[in-house]
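See structure below.
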Amino acid sequence: MQRRLTVRLFSAVKLGFGVSSWAIRILPLDGVEDRAFGCLLDCISNVSTYYFNYLYCHVWEGDCHPNHDDATQQVPTGSMWSWLSQDYKSLVTNWYCSIGQCCDSGDCRITNNITGLERDLQLKLHGQHLAQSVVLKAIQGFINNPESNKPLTLSFHGWSGTGKNFVARLVADNLYRDGVKSECVRLFIAPFHFPHARLVDVYKGQLREAIRDMVLRCPQTLFIFDEAEKLHPGLIDAIKPYMDHYDNVDGVSYRRAIFLFLSNIGGAAINDVALDFWHSGQNREDIGGFAQSELMSGHLIDFFVPFLPLEYRHVKLCAQDAFVIRGVEPDETTLDEVAKAMLYVPKEEKLFSAQDAWKSRWLESTHKSDYGKFVLSAGKFYGDAEKDKGLQTSQDAHFYAISSRFEDFSNKDQPLVLQFTVKHEQSIDCGGGYIKLFPSGLKQEEMHGDSTYNIMFGPDICGPGTKKVHVIFNYKGKNHLINKDVRCKDDEYTHLYTLIVNPDNTYEVKIDNKKVESGSLEDDWDFLPAKKIKDPEAKKPQDWDEREKIDDPADKKPERFFLYLFLRTLTDWDKPETIPDPDAKKPDDWDEEMDGEWEPPMVTNPEYKGEWKPKQIDNPAYKGKWVHPEIDNPEYTPDSELYKYSSIGVIGLDLWQVKSGTIFDNFLITNDPTFAEEVGNETWGATKVDPSGSGKVAATDAALFLKRSGLSDLVLGKIWDLADSERKGFLNKQQFFVAIRLVACAQNGLEVAHKRTALSDAVCPKSQHVHYKVHDTTSPLLPAGMPIDGPWMVKPEEKVKFDSIFDSLLPVGGMLTGDKVKPVLLNSKLPVDVLGRVWELSDIDRDGMLDKDEFAVWVVSPGDKAKYDELFAKTDSDMDGLVSGPEVRDIFLKTGLPSATLARIWELCDIGDIGKLTREQFALALYLINQKLSKGH
């Protein structure tokens, strides 16, 4: 649980005794000595750091630097100290030492027990002979050389779980009386102490002040920077001067300080070396000669300390030490059981590391033997290969069940914020992307779909019909679904989902840090019986007339209508509702051999009468709709704690996926909505390149974002050229998506080319062997004089027409919702199921709305239809009114669209699933291909 407390990362600690009064019983004094000692007590009473410096410099003759700039202090002269007898000097000295500020070594906080360090490294550190040697040599040499010209700086490198933190503790335990708790030791954990990149300038000042204050209080301060690879570069620059070869920095000497950096960087390379020795049959103790890191090129880091992956035998020794510390003497069987329970990477090599430390925090359920497996992955495309790693589903058509436990808490009287990111990079067809909060009593190894949970929240997608955000609360043992339809994102990109539940029984749902729904828990869920119910005693009066219109009693059927019915009965004569247009003429160029028999269009028959009905008039007795009176529900009892859960202790993923590949990350549970928003902006939001919502991404902003991909400038330049096809110097939403797709292709070893810009296609797959083929741009099946991009491109004049129609529908914020587009859809005369599937292809970013570019798919000009019909006639070689796959194959392939996209368009248009297309279906297919190509240009 992220508890929002006001915690200062750094505090400026001033030197001083912090005592406002004294009561010291001593023998009576007389004369000058009495006055001198009284002056001393007055000085101490005033909490003067100046007098402390004088004591340190003149009485104990320490290495100090008194402040001579403070003119406000009444500084005793050097001769004053000579008036004090040695007894009084000893008395003050003993008093000073009694509060732990000095001893024989000069500072009893510091022990510098090199012998103890050597013993601990030999007896307690297993499997790290390199670290033993280098650390001991470095520490011993530094301590024994008081004239060192720079601070000691060491950098520990290796996988998690190999002993870096353990050795840091051993160093602290043997150099300082109070170990890591000593006021001479300061630990910084990069993600914890410096979590927000936007505050790096603030952190710089705090870090400099903390280092300076620590060294002033204790010249031999040990600074430990854990997870150093996550330090912002600006912070590294800020502390470099303190590690350099300077006499002092701003008047303070740092030459006796020790800087220790712990990093996972280089762990993979170190592991590879260990594996090579293992495979060659050599002893790992022979490993040596690791190259120094580039950090050492500036001579700021004195020693690079590699930590090797541990072998099985070393893990047993570590386990044995842990038992002994707890007063237990384990047997071999117990040690083997513990060692076997550890994770080894690679598994068959038995090399231990906590590199997969996430598995120690997340427990996969064993309730069913065939649950799908989670892996740690950044996916097929990412901004940062390490930071973007999350829990990814890895097996198609599987249930998944995994959970993580944390300290149990209740959200009573405080907000509850649940937040995470999810990326369906596999273009999910059916599967869950939600999480669950469980009470602490959950047995994680038995977690399954029916396990009782508190809250279920997140996206759920299954086909075109289900694309919703679930918000389900368990109330009194029953799960209650939200009564509103909250639409989720269904593209392949990362999205941030946030649920806020407030103690006033209100809630808020956010997607990508924007509110999409909010309201009252009581109003939007059926937790409680209705406040009001229909009065069972009330009944609608019998004379209550609810008919707004009635038949006109004065309107009579014409007598000739009876004759019409009679004649119709006798002769079976009937006038149809529509007839062939008598004014229509067959086109001069109509070829019945090629085009079939010409049929005139149908028009309304003016002689059609239909069934006679009387006219409608207003009902003079109309009283309106009768409303059933309501009364208070006697079963209703308000509950001011609908929001509250007494126990929240586990977060879990319990879901089914047909197609795997979803990545979950950035889980956060807190009671501070503002903090959650900040975290969201600094995780998911770090990938947002258009924070103002202008719909445009400038070249500089796009470049900064795309460089996170790790691709070369040459490749990124090609991607920009393909995305910014109009050479405007910025990208719109659609073009930026094209750029992201091309980055994904490049990251997976595929060619960056125009043919990969189709947004409806699945994300570029990984490829071990890439083959490219350039399609011919001419075809004997195309009509003469028709260029390959003739019917495929949206011409400027057509785009103007489309934009005009778009604007006439009154878009809001440049977007049209489905209800506004519906009339245009229906005018296309396509079946409803086809319209639904075409909507999916047109709604490129799948946000439930169409922008101007997406809207163009709904407007098919007569000219285009004529072109498509002409091409159909030339393609239908057997004249059966249908075209098969082999007949259209060349035409489709010459468009350059990916095969997967063409197959999807074919499936969309082949309504009857017969493997052939009619004239209308063929026209639809060509138009969809046209739209896909136009969106890449």
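Here, residue 1 is simply the first one shown, and the rest follow in order.
Positions of Cβ are set from backbone N, Cα and C atoms, glycine also.
Curation plays no part in TrEMBL annotations; they are all automatic predictions.
Annotation source TrEMBL lists compositional bias 'Basic and acidic residues' at 577-588. A Cβ distance under 8 Å defines the sequence-distant neighbours of the compositional bias 'Basic and acidic residues' (577-588), meaning residues of its chain 6+ beyond its ends; these are 598-605, 608, 610.
Under the heading compositional bias 'Acidic residues', TrEMBL lists 589-598. Secondary structure counts, DSSP: the compositional bias 'Acidic residues' (589-598) has 4 helix, 0 strand, 6 coil.
The disulfide bond annotation in TrEMBL covers Cys430-Cys462. The Cβ of Cys430 (disulfide bond) lies under 8 Å from the Cβ of Ile461, Cys462, Gly463, Gln657, Val658, Lys659, each of which sits 6+ residues away along the same chain.
Summarising the annotation, TrEMBL assigns domain 'EH' to 705-749 (among others). The DSSP breakdown of the domain 'EH' (705-749) into helical (H, G, I), extended (E, B) and coil residues amounts to 31 helix, 3 strand, 11 coil.
Summarising the annotation, TrEMBL assigns domain 'EH' to 798-857 (among others).
Annotation source TrEMBL lists domain 'EF-hand' at 863-898.
The average pLDDT the prediction assigns to the domain 'EH' (864-937) is 77. What TrEMBL records for 864-937 (among others) is domain 'EH'.
Look at TrEMBL and you will find 577-614 tagged as region 'Disordered'.
Mapped onto DSSP classes, the domain 'EH' (864-937) shows 48 helix, 4 strand, 22 coil. Counting residue by residue with DSSP, the compositional bias 'Basic and acidic residues' (577-588) contains 0 helix, 3 strand, 9 coil. The number of other CB atoms found within 10 A of the CB of Cys462 (disulfide bond), across every protein chain shown, is 15.
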